[in-house]
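Now, the feature entries from TrEMBL:
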type	residues	note
DOMAIN	5-80	domain 'TECR-like N-terminal'
TRANSMEM	85-107	transmembrane segment
DOMAIN	155-308	domain '3-oxo-5-alpha-steroid 4-dehydrogenase C-terminal'
TRANSMEM	166-184	transmembrane segment
TRANSMEM	196-215	transmembrane segment
TRANSMEM	236-258	transmembrane segment
TRANSMEM	264-282	transmembrane segment
Amino acid sequence: MKHYEVEILDAKTKDKLCFLDKVEPNATIGEIKSMFHKSHPQWYPARQSIRLDPKGKSLKDEDVLQYLPVGTTATFYFRDLGAQISWVTVFLTEYAGPLLIYLMFYFRVPFIYASKYDFTTSKHWVVHLACMCHSFHYVKRLLETLFVHRFSHGTMPLRNIFKNCTYYWGFAAWMAYYINHPLYTPPIYGEQQIRLALIVFLFCQIGNFSIHIALRNLRPPGSKTRKIPYPTKNPFTWIFLLVSCPNYTYELGSWLGFTLMTQCLPVAAFTLVGFIQMTVWAKGKHRSYLKEFRDYPTLRSPILPFIL
């Protein structure tokens, strides 16, 4: 059995960083990263990007050396991805923040509103309903992070946690300040509007959860297998017939319902910004589906049926 010699160069300077002798042909990129880590302990595998070309795409950890377009002396290029943090940690942090921040405003802790309102409660029932819905949403997200989601990538750059938390925590404080304000006024169409909004919110929350379960069942534990998602027996998944990312469709519907329920401008702003970002993600995932699967259903749109 022939063995490979592997040299790893710095993608920017082209300086040789590491030379590995007698590497097995069935060695994976993940294993090569571990070997590289032994000689450079500061670059643990999660922060390594190994590629065939200095400006090319990162190779996957599961890529096997003998199946790559390299000779018996293989040259790879290394880029440092920077400090990494697990996706689970990021999600738990960015979701726990809004839950706690909103409750601080709901209970009107001191130094938020005038002192005479400290620990008082709103006289409007929609304020209490909004708190329950907001809390339910983020508790659901926390539980899904712990027990439902299976991540194709284990980590993300540490700097992202600051960006993500600024977004989620900042909007949560902005929304909560106005919804729980002593001068807050209920929706203009009253109880009918609130009840309709609650139905929309709960319907979409159930739909979102159903899609997350369906996506989870597509990927066996510990694998990075990608398959085309199809509708299941659960009616909430039938929207897969029309869109590639119905989890985002339902998420948008939930926040539209919350906007209708509270009739609050900061909530509408959060919904709009979230919609724009989810559309970017959905289009990217839709493109990757089309590229990866030749038999991918052509009727599907990224996020909104027949529209977007």
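Glycine is treated like the rest: Cβ placed from N, Cα and C.
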Lying 6 or more residues past either end of the transmembrane segment (85-107) yet within Cβ distance under 8 Å of it, the residues of that chain are 119, 127, 131, 134-135, 138-139, 141-142, 145-146, 149, 151, 153-158, 160-161, 164-165, 167-169, 171-173, 175-177, 179-180
Which residue counts does DSSP yield for the domain 'TECR-like N-terminal' (5-80) in the helix, strand and coil classes, in that order? 17 helix, 29 strand, 30 coil
